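Listed features, source Swiss-Prot:
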type    : residues                                                                              : note
REGION  : 1-267                                                                                 : region 'Amidoligase domain'
BINDING : Ser13, Asp148, Met149, Glu150, Lys188, Ser189, Lys190, Pro191, Thr192, Gln193, Lys224 : CTP binding site
BINDING : Ser13, Lys188, Ser189, Lys190, Pro191, Thr192, Gln193, Lys224                         : UTP binding site
BINDING : Ser14, Leu15, Gly16, Lys17, Gly18, Ile19, Asp71                                       : ATP binding site
BINDING : Tyr54, Gly356, Leu384, Gly385, Met386, Gln387, Glu407, Arg465                         : L-glutamine binding site
BINDING : Asp71, Glu141                                                                         : Mg(2+) binding site
DOMAIN  : 294-537                                                                               : domain 'Glutamine amidotransferase type-1'
Amino acid sequence: MTKYIFVTGGVVSSLGKGITASSIGRLLKNRGLKVTMQKFDPYINIDPGTMNPYQHGEVFVTDDGTEADLDLGHYERLVDVRTSKYSNVTTGKIYQEVLQRERRGDYHGGTVQVIPHVTNMIKEKVMRAAQMTDTDVVISEIGGTVGDMESTPFMEAIRQMRREVGSENVMYVHVTFVPYLRAAKELKSKPTQQSVSMLRSIGIQPNMLVLRSEMPVPQEMKDKISTFTDVPVDYIVESLDAPSLFDVPLSYQEQGVDQKVVDFLHIDSPKPVADMDEWRRMDERAKNLKYKTKITLVGKYVELEDAYISVTDALHHAGYLYNSKIEVEKIQAEDITEDNVAELLKDTQGLIVPGGFGTRGLDGMITSIKYAREHDIPFLGICLGMQMASVEFARNVLHLEDANSAEAEPNCKNNIIDLMADQRDQEKIGGTLRLGLYPAMLKAGTKTRECYDGQEVIQERHRHRYEFNNKYREDFEKAGMTFSGISPDNHLVEIVEITDKKFFVAAQYHPEFLSRPNRPEGLFKGFIGAASGLQVDKF
């Protein structure tokens, strides 16, 4: 019987419910259990694909092409699982499917209501995640905060789950905040008590409390919280601010969280103890890096940390492999000009230009890429970064001064980057990009092939609408650009590189989405190796 863990949050947002869910998932996975991660987002958008990065942060992409919440990236990296369309559900998706069923007549003329139709659909999504992944445990994070109007149907649905699948198969984990008042020099438990009271008022009794705090929570306060919330004191866990994400699951294990979960849900795990030896080695490495490598990220959304979270995580993963701390300096692409590029990049050891949409900042990207190419600074381009690297090469090496991307200039004569053929008649924006996992054939003797340890074929995740214009392939190759990765049908350019440079590689896909702390993605591994000048130092 599949077990279900629902992670909710109270008091304030951004408490780290996703990290809590991921940490529990990692511990259970390391006990030999198959874990499926799931995120419910209360917003009415179908998915975050059309949302401004400043509104939502990064859009994560799964193997099957789902555009999803960035928390799925945390799940994949921390738990080391692959997510799918069953892993991210929004209010928009729920209502869309309910209304489609109503239009088909599936409700036989009945009045469609939040209860039972919307709540039944939410429960169906939870159950479907279990069925389609054949999993032992589904861990579902409920976005938002207890008491939010938008979260109400989700809370009602997970309340009903306990009755429908049995209380022995459902566990509610509530993450809450214990603030420290510096003036009074004490922690306050009242917000937690009120949050649990609100949760209980809608019929959910939490089985475990995770107390987020910047200070250790004294035992007498845990006893008090237990008294007011009816949560056994042994099931009250503290989660302190940590210097590294790797600390969180280790702290949970020390507090016996995984054992409490398997005991509560009556799970007979294949391993009696979670094997966290490799995780501890990663934690030690992350805290005691010997070297430093400075990387400059030139992008469109640099003011928001979450906009490039997978990219920066992937850089750090590669840094662990070389025992080097990666110091990422982010520069707004719009701020870069021919006059200041030398000053802005004078101390960098590597340049990365990640993905994005629209025309803002393109000139700054091109200027920075030109400087990196001419001064042999290791460069990695991703998606839009690859497209701008191609435009830069056309303008400054092939001397096609009007070269551009059709996204920036639709009527451009030398459109080096063109709209994909199957996108020309596309009227909708949402969910219509080239999305998901696609193969690429790697050319022998290239840096790209070396990055992937000699593999002939790789599978990587994509999110784009434009592609390299194949009519320029021959001219590019004659001028020194190598097409080191091509789709199996030889149509779509996946990777370009200048092989005689220290490292100048750009990919149409998003390599950051498949990076893991203990397995850095190939292009990031090659990029940081070239930028740092260090040898691999395995931990």
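From the backbone N, Cα and C atoms, a Cβ is placed for every residue, glycine too.
Within its own chain, Thr192 (CTP binding site) has Gly10, Val11, Thr176, Phe177, Val178, Leu209, Leu211, Ile225, Thr229 as residues 6 or more apart in sequence whose C-beta sits under 8 angstroms from its own. The 10 Å shell around the Cβ of Leu15 (ATP binding site) contains 18 further Cβ atoms across the protein chains shown. Listed in chain order, the extra residues whose Cβ falls within 8 Å of the Cβ center of the ATP site residues Ser14, Leu15, Gly16, Lys17, Gly18, Ile19, Asp71 are Gly9, Thr20, Ala21, His74, Glu141, Val175. With the fewest other C-beta atoms within 10 Å around its C-beta, Gly16 stands out among the binding-site residues Gly16, Gly18.
Counting other Cβ atoms within 10 Å of each Cβ, the lowest count among the binding-site residues Ser14, Ser189 belongs to Ser14. Here the CA atom of Ser14 (ATP binding site) lies 19 Å from the CA atom of Lys190 (CTP binding site). The Cβ of Lys17 (ATP binding site) lies under 8 Å from the Cβ of Val7, Thr8, Gly9, Glu141, Ile142, Gly143, Val175, each of these being in the same chain and 6 or more residues away along the sequence.
Residues Ser13, Lys188, Ser189, Lys190, Pro191, Thr192, Gln193, Lys224, recorded as contacting UTP, have a largest CA-CA distance of 24 Å. Across the structure, Met386 (L-glutamine binding site) and Lys188 (CTP binding site) are spaced 51 Å apart at their Cα atoms. Among the binding-site residues Ser189, Leu384, Gly385, Gln387, the residue whose Cα lies closest in space to that of Ser13 (CTP binding site) is Ser189. When the binding-site residues Asp71, Ser189, Lys224 are ranked by how far their Cα is from the Cα of Leu384 (L-glutamine binding site), Asp71 comes first. Between the C-alpha atoms of Gln193 (UTP binding site) and Leu15 (ATP binding site), the distance comes to 16 Å. Cα of Arg465 (L-glutamine binding site) to Cα of Pro191 (UTP binding site): a distance of 47 Å. Put simply, Met149 (CTP binding site) is 43 Å from Gln387 (L-glutamine binding site) when counted between their Cα atoms.
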